[in-house]
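Visitor: As listed in TrEMBL for this protein:
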TRANSMEM  A:26-50  transmembrane segment
TRANSMEM  A:79-99  transmembrane segment
TRANSMEM  A:111-131  transmembrane segment
TRANSMEM  A:137-158  transmembrane segment
TRANSMEM  A:170-194  transmembrane segment
TRANSMEM  A:214-236  transmembrane segment
TRANSMEM  A:262-287  transmembrane segment
TRANSMEM  A:307-326  transmembrane segment
TRANSMEM  A:333-350  transmembrane segment
């Protein structure tokens, strides 16, 4: 860290957890690799692909049926799981930094609901768009609509909950409830006018699942998620400074308004694309950053990349559980993350009851 | 240290001043600052004093650039050659650092991590260590910031601010240390320590501007005092010229008597206040 040899050099590491965070990143990358292999190989009973996977890795040919399952079903699904998991975890971390509050999460404060309303509106009313526009947008229509929905709800939420740089937790959560109710009602209206086919789409989509993964769907989603993930590290310094408050961040040389606008955009893009692809998957955005802060500190330069890795791995694990626990049927993954994440969230609230001024 | 060895031309000297001219600022229809002229010189501790609500902190926030953009047209604030009302935040951050009255932290950073938010780049860790040692908190590096007392947190923030500036002078001239009531949460020993740090910063060529409540410490450490009342400058100059019975009586609305200690300098005690008026 210091160029010159220094008598106290070893002591410099004390109280600074960046090195630990970097070691953690290696571990997380390894964990992610293992879960990717698991996700490709494990499936409903009788469709284990370990041998085929090993053959592929050795460069040997595999049976056509295995090849189809591997490349047309499991691979896009795995990629989608990674993208959605990383998007949810990173947008949670970004939002917590933006709101200066560890409880802010797109799922909890109604931003996911806003994205959902956008997606539902696109599914139900998309057919009424001019044909030219519809073909031009293609697969992008639903992710774009979800992005718009989450963007507008994030801006609205920020306006309501933040006064002169201070976010009130109570106002933020209450505004999230109001926003959720409002978007829920609007979504209800959409469901009411939907036809039977659309209704079926909506039902499966709403429970949250990676089951519908196809290459076109995954690639359009990733085209929105990747820029948001790449923009996130650029915000790290600004979010670190913001944790001292807006005035102090300005004094440290940060263009606050630019950081905020970019963070809101990135949150909206990542949340919007994740929701559009996989529906309501909750709690990843709050569990992952919280765990990482406990282990290696809140420095966003380390937190954001680590959150992407852990979020991706965690969602793949949840997806594997959802595939095998009631095989050959499948449990919606949103239910798995809620079962894992709900108690965890309550535990955070218990731990912080004294600290947070709710 | 503060007196230049060779006499530089007056214009070059004035180029290094922090100066505000005709600063006017209204918030929600109320005039907070009215035609304030302000000058601070590098090498000196300049204190801003005045009663509650006189506009001290607002003036400081203008001078640091934080709300300089909201000043009425015709207000000018310059830090050397730099126009503070228009400067980019990162440019200002290289030349001045600001210690607020209190700083809350959103996430559980350790003390060293907080200081390192000010000290980036190569050598940042060493600079942070040094700054922590300067405020007497080197042994607290790995403690959580939120576990510390208010006074300790304030000293950690001072370390962060010192680490941001690195040295009192940079290649573009003096750097400026802005302190908003830096000692109000501290015990007397640490009050003196913090003021000594400010004095040393000035003696090494930097500039210090501090909003002060304690008139004794002001008299003891400031070379220049600006007395504000209701958004206007009531007096500016050396402590002995500004901290007078007449001016303080006008500003604070109670009768005070300045006592002069046997040695040179001023002291002032609440006991000298008289009832009435």
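Think of each number as a place in line: the chain as shown, counted from 1.
Every residue, even glycine, has its Cβ placed from backbone N, Cα and C.
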Visitor: Where among A:137-158, A:214-236, A:307-326 do we find the most Cβ pairs under 8 Å to the transmembrane segment (A:26-50)?
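Guide: Ranking A:137-158, A:214-236, A:307-326 by Cβ pairs under 8 Å to the transmembrane segment (A:26-50) puts A:307-326 first.
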Visitor: Top stretch among A:79-99, A:170-194, A:333-350 for CB pairs under 8 A with the transmembrane segment (A:137-158)?
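Guide: That would be A:170-194.
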Visitor: Kindly say whether the transmembrane segment (A:262-287) and the transmembrane segment (A:170-194) touch, using the definition of 3 or more Cβ pairs under 8 Å where each pair is 6 or more positions apart.
Guide: no
Visitor: Which of A:111-131, A:214-236, A:307-326 shares the most C-beta pairs under 8 angstroms with the transmembrane segment (A:333-350)?
Guide: A:307-326
